[in-house]
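Per TrEMBL, the features are as follows:
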- 71-347: domain 'Cytochrome c assembly protein' (DOMAIN)
- 6-25: transmembrane segment (TRANSMEM)
- 32-51: transmembrane segment (TRANSMEM)
- 71-91: transmembrane segment (TRANSMEM)
- 100-120: transmembrane segment (TRANSMEM)
- 140-161: transmembrane segment (TRANSMEM)
- 173-195: transmembrane segment (TRANSMEM)
- 215-235: transmembrane segment (TRANSMEM)
- 256-280: transmembrane segment (TRANSMEM)
- 295-312: transmembrane segment (TRANSMEM)
- 324-343: transmembrane segment (TRANSMEM)
Amino acid sequence: MSYQIISIAGILYILVMPVYIVYILTKNKKIGFAATGILSTGALIHIYGFIQRFKEMYAINHSVMRSIPITNLYESLVFFVLCIVSGYLFIEWKYKNKSFGVFVSVIAGITIGLTDVLGITKEVQPLVPALKSNWLLAHVTLSFIAYAAFGISFITALLHVIVETESKKSFKYIFSTSILGFMVFMFISLIFDAFSASNPKSIKIFHSTLGNSSIIISIFCWIALITIIFLFWRFGDHMKKIVQSLKITSGFLEDMTYKGIAFGFPIFTIGGLVFGAIWADQAWGRYWGWDPKETWSLITWFVYAFYLHAKFIRGWKGTKTSMIAVIGFLITIFTYLGVNLFLSGLHSYGSM
């Protein structure tokens, strides 16, 4: 089965995390080569699994255009990870810099792992009527390529904010450490949500933690969240030292953030909004209906448009634009996952 092959890739993504960490600490070229080799092997296995998934779908749908495995939450997560890993490997090859490979492997490994933890349906199923369109390939594929570009920009932008931090009392330091702490808590919460749900398809984020029906448990979880954020705030300056030890300049990080957004924004504009509107007209008889996914996609577009406007028209530089990039990706995550998990609408076919 294709999902078993993809799970092997996920295991390699998780295993390569400590290898990248050792490389960061030792700067040993052989260890760096091994890290790249493991990540590349994972990517190749991932591609093979993706091709097998296509064959399984083609056996059911009998159409090349409608058999691209990007039709449900599991497949879209798998494709997103493949894009972000491939994009990082290209950056590593082009710039000869392995500095943020550990961050990419963390995102890739956790994302693939969550498809198991959350009990997301992995079986190949016939397409629902709304997805039986040739616009599926153009709209969804381009959207997730843009998401992956935004994801890489998120990593470099967050690192840029950390590098430029001078005081623990500064807003940008509190901003970056709070986001890291919240994301760690969110992943922990997802694990608890998955194990506490009677039905994997009924999982709701924070349902077993912050939103627990027990006031005591809910209060305890809020305290845990605040504690995690505090720990990141207290010891976050060590991350700055680690990043600086890698000889990554703030200029490089800012430039990579810009290039990722400059690459992803036009793709998202055409694939996500324009092609999506055309598909919506064919499927539902209108170009725009203020569906939750449509609304949040537009918000995402405005945030990244503001980033480019601020950088080129207003001449903003430094951490101000990087913080916009971080906020943009957080909104992208909500557009991608939050709408499916929290809200209902015409895009609910993309749920678990």
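From the backbone N, Cα and C atoms, a Cβ is placed for every residue, glycine too.
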Which one of these stretches, 6-25, 100-120, 215-235, 256-280, has the most C-beta pairs shorter than 8 Å to the transmembrane segment (140-161)?
256-280
Do any residues, 6 or more residues outside the transmembrane segment (71-91), come within under 8 Å Cβ-to-Cβ of it, and if so which ones?
3, 6, 10, 13, 36, 39-40, 42-43, 46-47, 49-50, 53, 57, 97, 100-101, 104, 107-108, 111-112, 114-115, 120-122, 125, 127, 131, 136, 140-141, 144-145, 147-149, 151-152, 256, 336-337, 340, 349-352
